[in-house]
Amino acid sequence: MAERTFIAIKPDGVQRGLVGEILGRFERKGFKLVGLKQITPSRALAEQHYGVHKERPFFAGLVDFITSGPVVAMVWEGDGVIASARKLIGATKPLEAEPGTIRGDLAVNIGRNVIHGSDAAETAQFEIGLWFQASELNDWSPSDQGWRVEG
């Protein structure tokens, strides 16, 4: 199976109508969407998701923000998708993100940086399992697969 990553369009991205733009960037890159849903996360889900930041001063605000509205949760699949997605997304601080990246083009403030992406294989596995049931992920082959990747 190809590598998978978890991507979430945060409430600011949903409210600003950026879902289609962001989905398009991943599709044009050639990655395969295997899971997609819109959900307003519970506090429990948000606290689990951001658990690594529990002792940080911004934790409560982060949880409040991510639970403030709908999030579009996605699982993308493809060769090197985790590293490639991180490049597509750009630096966490939008003012440090390169033009052409999602955050470089669409975000201004670290507290409203539009999107989350897993940073490693272990994180992706944890986040996918947290946000999705196995039955919600679709194993399928695009008809243009031979035009996307060699082999």
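Using N, Cα and C of the backbone, Cβ positions are placed for all residues, glycine too.
What Swiss-Prot lists as active site, pros-phosphohistidine intermediate is HIS116, and the listing cites sequence analysis. The ATP binding site annotation in Swiss-Prot covers LYS10, PHE58, ARG86, THR92, ARG103, ASN113.
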PHE58 (ATP binding site): secondary structure state under DSSP, collapsed to three categories
coil
Given the binding-site residues PHE58, ARG86, THR92, tell me which ones have a C-alpha lying within 10 Å of the C-alpha of HIS116 (active site, pros-phosphohistidine intermediate).
ARG86, THR92
Do any residues at least six apart in sequence from ARG103 (ATP binding site), in the same chain, have a Cβ closer than 8 Å to its Cβ, and if so which, in order?
ILE89, GLY90, ALA91, THR92, PRO94, ALA97, ASN113, VAL114, ILE115
Greatest inter-residue Cα distance in Å for the ATP-binding set LYS10, PHE58, ARG86, THR92, ARG103, ASN113
22
Using a 10 angstroms cut-off on Cβ to Cβ distances, just flag whichever of ARG86, HIS116 is the loneliest among these recorded positions.
ARG86
Using a 10 Å cut-off, grab the number of neighbouring Cβ atoms around the Cβ of PHE58 (ATP binding site), all chains included.
12
Looking only at THR92, ASN113, the binding-site residues on record, which one has the least crowded Cβ, with the fewest other Cβ atoms within 10 Å?
THR92
For the residue listed as 'active site, pros-phosphohistidine intermediate', the three-state DSSP class is strand
